[in-house]
Amino acid sequence: MLRWITAGESHGRALVALVDGMVAGVEVTSTEIADQLARRRLGYGRGARMAFERDAVTVLSGLRHGSTLGGPIAIEIGNTEWPKWEAVMAADPLDPAAAAELENSARNAPLTRPRPGHADYAGMLKYGFDDARPVLERASARETAARVAAGTVARAFLRQALGVEVLSHVVSIGASAPYDGPPPQPEDLPAIDASPVRAFDGQAEKSMIAEIEAAKKDGDTLGGVVEVVALGLPVGLGSFTSGENRLDSQLAAAVMGIQAIKGVEIGDGFETARRRGSRAHDEMYPGTDGVVRSTNRAGGLEGGMTNGQPLRVRAAMKPISTVPKALATVDLATGDEAVAIHQRSDVCAVPAAAVVVETMVALVLARVTLEKFGGDSLAETRRNIEAYQRSVADREAPAARARAIRG
């Protein structure tokens, strides 16, 4: 079973991603990982920290000459600002002189005014901290860099095993007019990445940028909606047999686990609830290569399984909780009214969030693909996939024959 985990703090020495269960023979390089990390750092409305964060990638294990070995893959992303934070975030106790010097450091000042909407308050109470630093260091969205590194391996596997491409675009930011056209294709990705807000439409881009500029002027932050599309998936990934095996439940859990994500929908999602059944589902017809559909309202999933249509997943990101126009809070050291702490942050991180949602979708799809087809090497997995696809084609053959007879 494919598993992944990350470790590290926002201002710590490094972030680490560990991927276990990947087959041997998948071609992936540290350059590809760095390229995906660079995509995560894109976006209009990002804060000054993006100029400081430099994602230095080191693959510690699991790859040899650009190919996976079948063992655990460990990836390190170094923090180039570590020398500034070494004393604050040191793993071991400091000597008395260093501790005395740190006592007067602004970086080490206790953070006792939790930010509404962040993990600060509940984390301090749950874990018994008198300072929000230990909470915000791990709760920070900086952790998603490690997920993107892990997801790069999953992307490579999906592309090489199935020919699957996973891409994303921003649907809306704040109150901007949402994009409601057809989903993008792989050839559209360079243009999307070239957009400052990762928009698939020029008018939508202008509306999003205007929203960001207005929020920046007002000292505020913005959220938005992103869409991920996965193309080339076979029929039958996931299962109807139990709730935890349904692919939509796995995708929803993975995407909701991303910092600041507050909602997930598959296909037309909540809009489907407003329709009658005759307008909510995707009717099937015999086609030249089997069953075809005229719509994809289900977003590629029916009964917890892929149905051969493009997978469409949308996620709603809330506005960043570190608001320059500081929100009211309570100082947990004194119990007095206060304004929330303000760390260096972005006005809008929705374009970056789209890349992270891509990552989590790719990881889940890689996991269910390996669960379905198994194998110790990429070549073995491919053979299993090809045998299954032949079987599916045979089952669909009557529909193709019916279409041919009709004409």
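Here the Cβ of each residue, glycine as well, is placed from N, Cα and C on the backbone.
Note that the structure is a prediction, hence the values are computed from the model and not measured.
Sequence annotations record features per position, and here Swiss-Prot assigns NADP(+) binding site to Arg40, Arg46 based on sequence analysis. Mapped onto three states, the DSSP output places Arg40 (NADP(+) binding site) in helix. Cβ environment of Arg40 (NADP(+) binding site): Thr144, Ala145, Val148, Ala352, Val355, Val356 lie under 8 Å away, each six or more residues apart in the same chain.
In the three-state DSSP assignment, the secondary structure recorded for Ile320 (FMN binding site) is coil. For Arg138, Ala139, Ser140, Gln259, Ala260, Gly303, Lys318, Pro319, Ile320, Ser321, Thr322, Arg344, the entry in Swiss-Prot reads FMN binding site.
According to Swiss-Prot, the compositional bias 'Basic and acidic residues' annotation covers 275-284. Long-range neighbours of the compositional bias 'Basic and acidic residues' (275-284) within the same chain, counting only residues 6 or more positions beyond its ends whose Cβ lies under 8 Å from a Cβ of the stretch, are 268, 291-298, 309.
Here Swiss-Prot flags 275-308 as region 'Disordered'. Broken down with DSSP, the region 'Disordered' (275-308) shows 3 helix, 13 strand, 18 coil.
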Among Ala260, Ile320 [binding-site residues], residue with fewest other Cβ within 10 Å: Ala260
Long-range Cβ environment of Arg138 (FMN binding site), under 8 Å and at least 6 residues apart: Glu9, Ser10
